[in-house]
């Protein structure tokens, strides 16, 4: 029989074989295996050669060289490298040395930050089970999971991690936690019968078990159908590796700007040579270098890197770990969040929330979050119920006892997460603890003497208890609606028993209540109770069968269980809406559960209609809630024709999540995806911002841009607010630095007209002065702008999706730069002509000839000081680009000293140029300037005029620009 599957083996993976739809016999035949003996050792060796090891490919560790390459392969760094090479070529070692330091600093900071973030485990490899229990040639073996092959016969028990995708052939109360794949908090109860249909979601393929899922209950035997990259985990891994990382708008704009600056720098150098009739003397070459350097913002990369690094530290304190610096920019542009439900919007823990008892006017509502063993009772109308009073009701007390005793969960410290067992049973036990009737208390008076475990056939579980008196046995039963079929009676509050045999009205009442609770997204359990004696059964307890205990029971009530929303989720969603961000929930849960949670956290209110055109047919759809099957059946054209994309997609698959993100991208939306499971990994990488939960899988973390260490959806809102703050501050210091460059270019371009006796242009600013202004004077205030606190309206305006260089920012750069350049040039002209000797002398670009160059050197000092004080004042201008500096909003008045780093950088920056002007040799030999006296008046007047021009320009902006201010 082994040989019969050889040919079929070659194409099983590629054909997308529907293993869940096949009988055990068909699967065995297709794989050439014996469902009792497994494959032989020889056959397994052949299959290993054919299919390869059961491991995931393409998951190499951190590569420092690739990280380093990313740091130096951006446009701005390329510009700095070109400038450095030219400086070395003309033997201007001071300037070249400064540029080397700047490039090295930028590279080191970026490398260290990204290397730390990327230094994570090889998550996908380590998710695989380290060993597997396999049957080969009829013998049991424990082998490495990487040696498992298609056709192998595996056995599972509680605690095992499934090593490969398998078709189940035997199960005994087998439940598997598939939350990492499906997102469902409730373990999947496994079966062996074939499941028809091609489009059955993973969560509904109950006769399959998948690689990296965990057995939480029972035992099973299965045939391996897929290994390695052919497993569902492997497909996800492949999707992750194939997803290309796109650069952000700011990256693209900065790179474009850098190459434009490089081209412009070469053009300016050409202009210098042309104006000087292509005289390549040292004086002219140095002027060309000065003009080329003037247009390059040497400090920009350093400031961006440092500000982002500070932002990373700040976000880490807020429980958001940034793995990729580009996420800081991406966050501010987010327009849509696609969120997983389990563990993200919800606690990821099953909790009893509703209890319905016959004869009561309303349900009991049970408060409390997660596994906390405290929680108040109230009616559905919100009226508080005293616990002790509720327990006086015999019916309710027995229902609580049933929750505690018909249970195998173990709770040590629920508040610390020390719980073991099936999530549903944990929820029931925690509920009993809330009523101060947990199993440890009840076991003091009642002994568990027999268990009839849950099975897929009976869909119920029963426990038999011996009371202290020993006169009778108590039977506690829980399960699905089938429990009602073995109930002959119902109990009232006083404990009296009433028959319900043939009472169709009562059965309909219970059925209606079950449906209502299910519509709320609850998993509904039926609880029942009975009293018997061994004598009445007619045989000793040790020989009892299930039917001996589970008959003629008394119906106690219904318990509703669900994965409750986090306390902060509703407010977080509301904050997102206020910030212009739409929240979508993509979950593996059923539609009713998904809709209930979405309503509770505020994602949707009531489903509203939408339509799509499909030829001549109008197909009605819900614009709020759809299943993955409904969504996937639509073509891309039909999806794009929807007025609104669904806010909730239930029974969601990994491919559906990616398709949803693609649909949002086609609508020019900027998407963040949150999640914690393996099933979220492809979409986390596909999204513009992938946000993983710290308690989630390593796969999700590896695929993400940001990891939330507190698993708190509210942290996402804080992270987006922080991203907006950082991006706003980047715009502020980009304006500050680039307007300085524009001013310098204006001074040096017009300065070409000032020629000495030999006809050589004399620069108003020397290359060292320019570097001093750009790095020493301009960079500290720019960094201070980078740590400006967020404005109060940062999360009350729509996302900024236009990128860094908006029309307004470009206009501001050139207008403020023109103000600075013209006023600085005016200082140059005033010192030389009206108040100087009007003589530009000779060789004042290269020598320190004080006898002839004194006026030129004094004029340069005046220009440098005017530049210095104007760009320092301009830092305050940049705090708010529309409000007057005289107002608190604009950074003046009460806010003038709020940014202490800015105050210090401005004060120190104003004093730093003074030594370069008055210290001998340093001033004349290095900076090509000298001390001034009366020229200080020109400096002060220049700054005052710049203030007036800035205020007038802002006044015009406030009057004529009506778009929202989001900086």
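A Cβ is built for glycine as well, from the same backbone N, Cα and C atoms used for every other residue.
Swiss-Prot annotations:
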- 1-70: topological domain 'Cytoplasmic' (TOPO_DOM)
- 71-91: transmembrane segment (TRANSMEM)
- 93-113: transmembrane segment (TRANSMEM)
- 114-254: topological domain 'Cytoplasmic' (TOPO_DOM)
- 255-275: transmembrane segment (TRANSMEM)
- 279: N-linked glycosylation site (CARBOHYD)
- 284-304: transmembrane segment (TRANSMEM)
- 305-732: topological domain 'Cytoplasmic' (TOPO_DOM)
- 340, 342, 676: Mg(2+) binding site (BINDING)
- 342, 425, 478, 523, 587, 588, 589, 651, 657, 679: ATP binding site (BINDING)
- 733-753: transmembrane segment (TRANSMEM)
- 813-833: transmembrane segment (TRANSMEM)
- 834-900: topological domain 'Cytoplasmic' (TOPO_DOM)
- 901-921: transmembrane segment (TRANSMEM)
- 932-952: transmembrane segment (TRANSMEM)
- 953-967: topological domain 'Cytoplasmic' (TOPO_DOM)
Restricting the comparison to the binding-site residues 587, 589, 657, which residue's C-alpha is spatially nearest the C-alpha of residue 340 (Mg(2+) binding site)?
587
Pairs 6 or more apart in sequence, C-beta under 8 angstroms, 3 or more of them: is that satisfied by the transmembrane segment (813-833) and the transmembrane segment (284-304)?
no
Are the transmembrane segment (932-952) and the transmembrane segment (733-753) near each other by the rule of at least 3 C-beta pairs under 8 angstroms (pairs 6 or more apart)?
no
Using DSSP, how many residues of the topological domain 'Cytoplasmic' (834-900) fall into helix, strand and coil, respectively?
32 helix, 0 strand, 35 coil
Residue 589 (ATP binding site) to residue 676 (Mg(2+) binding site): how many Å between their Cα atoms?
15
Of all the binding-site residues given, 342, 657, 676, which has the fewest Cβ neighbours within 10 Å once its own Cβ is left out?
342
Local backbone state of residue 589 (ATP binding site), from DSSP in three classes:
coil
Distance, residue 676 (Mg(2+) binding site) to residue 657 (ATP binding site) (CA atoms, angstrom):
13
For the topological domain 'Cytoplasmic' (114-254), what's the mean pLDDT in this predicted model?
78
Sparsest Cβ surroundings (other CB atoms within 10 Å) among the binding-site residues 340, 589:
589
Round to the nearest Å and give the CA-to-CA distance linking residue 342 (Mg(2+) binding site) with residue 587 (ATP binding site).
7
In whole Å, how far does the CA atom of residue 587 (ATP binding site) lie from that of residue 676 (Mg(2+) binding site)?
12
For residue 340 (Mg(2+) binding site), what is the secondary structure by DSSP, using just helix, strand and coil?
coil
